[in-house]
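Sharing a structure, written as structure tokens. Questions coming.
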Amino acid sequence: MSSFGYRTLTVALFTLICCPGSDEKVFEVHVRPKKLAVEPKGSLEVNCSTTCNQPEVGGLETSLDKILLDEQAQWKHYLVSNISHDTVLQCHFTCSGKQESMNSNVSVYQPPRQVILTLQPTLVAVGKSFTIECRVPTVEPLDSLTLFLFRGNETLHYETFGKAAPAPQEATATFNSTADREDGHRNFSCLAVLDLMSRGGNIFHKHSAPKMLEIYEPVSDSQMVIIVTVVSVLLSLFVTSVLLCFIFGQHLRQQRMGTYGVRAAWRRLPQAFRP
């Protein structure tokens, strides 16, 4: 092929790729909002629009309840209600026989309304371990939740969660720590953060009620030996004193009974036998 023919073919291919014919008009479809988070049974307004001046047909595709609130040639405004699960809304328009669409992602959430903190045990010796547990019932989506465990202003532990089934779940974070002397003067607490920014929502925070430990000093082995010895001596003295009192009492009783016995026998002795 000659160089002229090669250049002609290249120009023709470039024209076909970059410059489509007038029967293939380029247009765009937009949806607002592109993503949004709503609570169960919630509703939202969705706007579908297009750059096509005279679209042939357009609308919103969804399995949920929808109402057309208003419309013009290039846009339609809907109310979508009774949203009970994550879903995708699809706006579509047809222009010159060609259809374009755009999706809106809707997420259902339940914010953390209750955060329960548990310390186990609540009475701990210095140097001994204890468990901090934070529990958040009925929250979703779990993959947007983070639980923070605090000792005073110090973050002891935080926990995130993987994607779970699209339903309210219970989230739990557990951390084992060692008690020190200052823990008896510190508040322990838990913070639940549900971050829905990536889903078109807000950030929700919920704190637990603060709790405190009761801390005591453990008794050393030498102290324990001294305590046991002292208790043993005191117990021995007590038992000895009780026994001595008992023996002394019996002795006195026998002495009294002996005197009374002689006198009684003397009274019973007939007069003839008395001196």
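Using N, Cα and C of the backbone, Cβ positions are placed for all residues, glycine too.
Sharing the feature lines straight out of Swiss-Prot:
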- 1-24: signal peptide (SIGNAL)
- 25-223: topological domain 'Extracellular' (TOPO_DOM)
- 41-98: domain 'Ig-like C2-type 1' (DOMAIN)
- N47: N-linked glycosylation site (CARBOHYD)
- C48-C91: disulfide bond (DISULFID)
- C52-C95: disulfide bond (DISULFID)
- N82: N-linked glycosylation site (CARBOHYD)
- N105: N-linked glycosylation site (CARBOHYD)
- 127-197: domain 'Ig-like C2-type 2' (DOMAIN)
- C134-C190: disulfide bond (DISULFID)
- N153: N-linked glycosylation site (CARBOHYD)
- N176: N-linked glycosylation site (CARBOHYD)
- N187: N-linked glycosylation site (CARBOHYD)
- 224-248: transmembrane segment (TRANSMEM)
- 249-275: topological domain 'Cytoplasmic' (TOPO_DOM)
Taking the Cα atoms as reference points, how far is C190 (disulfide bond) from N176 (N-linked glycosylation site) in Å?
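Roughly 14 Å, rounded to the nearest whole number.
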For the domain 'Ig-like C2-type 2' (127-197), how many residues does DSSP put in helix, in strand and in coil?
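Tallying H, G and I as helix, E and B as strand, the rest coil: 9 helix, 44 strand, 18 coil.
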Measuring Cα to Cα, tell me the gap between C48 (disulfide bond) and N105 (N-linked glycosylation site) in whole angstrom.
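With the alpha carbons as reference points, the distance is 14 Å.
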Of the recorded positions listed here (N82, C91, N105, N176), which is spatially closest to C52 (disulfide bond) when Cα positions are compared?
C91
Tell me, in order along the sequence, which recorded positions from N82, C91, C95, N187 have their CA within 10 Å of N47 (N-linked glycosylation site).
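Passing the 10 Å Cα cut: C91.
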Out of C91, C134, N176, point to the one nearest N105 (N-linked glycosylation site) in space (Cα versus Cα); all of them are recorded positions in the record.
C91
Taking the Cβ of C190 (disulfide bond) as the centre, count every other Cβ atom within 10 Å, in any protein chain shown.
27
